[in-house]
């Protein structure tokens, strides 16, 4: 694909997300969502592989359904409330439909089953965009309507996302599917706290994006897409594999990694709101997620993946031109805990 086309598609992704960020009207926000969807489709289908074509088709159908449902919700609210402003959505039926549409776009449970299948058919760079950048615009809309949503609905959505994603990732051997379930689980933590502290939910999304960027870039550097190839990458670059193990444990929320910081703050806020039962349940779901992250670390360090592997093993790594983004994201994903007072100050300033 020519470089000018890559520039056009990436610029369209940025323009669509920015348009949604700056929108106070539902139609302009809807235009931004459509622009980001149409811009990523050529990137998903660029390899002309049957699995990539299947993933692109599934993604198009899911996003078209979610966008149509969101448009129907905004029309319903405009008809009943005589307002197309995002902040003035008050009709309960329209709010429920809009919440379902945004949950489908974000891959939240119980609308998350499309995400692992789509992620499995993509290359790692496009999977990174789908797991990070494509979450920003729907999450921005979700933040704006979250204060009008019933708190019980957001709590159930967050708990179901964290729990079902944790169970779904247990038996996976494909790294992209594991990262897809990880995306759903981490967004569940953001959704459950968004009603009480939007700034904390935004910080949770930012930390998740940092950790996911570090994980995907390391997998891309090591040319690993499943556990069987991941377990043979240790002799090629032990330093990067040690960093990858720390990133995985950070994604699992193990102290003193960066991922522990946001879980700690969310649990503290939930206890302040006297939500002891949801806090206990989401911690138990996090323990299940930590298990399959620790399982990846075990197969990487201690043993090889069980069974004979017939895959091609790369004994020489490719020369990576960009040597700046991976160290920065890896450092932020592992050692951001000492900067917690600064992040807390920024969060309280936002609130």
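Counting starts with 1 at the first residue shown.
Using the three backbone atoms N, Cα and C, a Cβ is placed for every residue, glycine included.
Note: TrEMBL annotation is automatic and uncurated.
Looking at 183-201, 202-220, the stretch flagged in TrEMBL as transmembrane segment turns out to be 202-220. With a threshold of 8 Å between CB atoms, the same-chain residues lying at least 6 positions outside the transmembrane segment (202-220) that come near it are 124-125, 127-128, 131-132, 135-136, 139, 143, 175, 179, 182-183, 186-187, 189-190, 193, 230, 240, 243-244, 247-248, 250-251, 258-259, 261-262, 265-266, 325-326, 329-330, 332-334, 336, 343, 346-347, 350.
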